[in-house]
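To start, the structure itself, in structure tokens.
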Amino acid sequence: MARQFSLENTRNIGIMAHIDAGKTTTTERILFYTGRVHKIGEVHEAQPRWTGWSKSKSAGSRSRRRRQRHNGKATASTS
């Protein structure tokens, strides 16, 4: 099966930090400000938009991965 997106613009990033250091919050903001999600979920309200969070946390795992496609254009916050 042929790829449906170009690898030329693909970037891999990793976020590593201590427990409760803000990894999910950082990921939420990256997805929001790059336009991948249109609403920010709040971790302290157990409503993060990033899939896999609740399953991972309940299983005691703090390691997650998710593939996202992005056009490389970030939006700036005006607030």
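Count begins at 1; order follows the chain as displayed.
Cβ atoms here come from the backbone N, Cα and C positions, even for glycine.
As written in Swiss-Prot, here are the features:
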BINDING   Ala17, His18, Ile19, Asp20, Ala21, Gly22, Lys23, Thr24  GTP binding site
COMPBIAS  62-72  compositional bias 'Basic residues'
REGION    45-79  region 'Disordered'
Lowest local Cβ density among His18, Lys23, which the record lists as binding-site residues, within 10 Å: His18
DSSP-derived class (H/G/I helix, E/B strand, else coil) of Lys23 (GTP binding site): helix
Spatial neighbours of Ala17 (GTP binding site) that are distant in sequence (at least 6 apart) but have CB under 8 A: Lys23
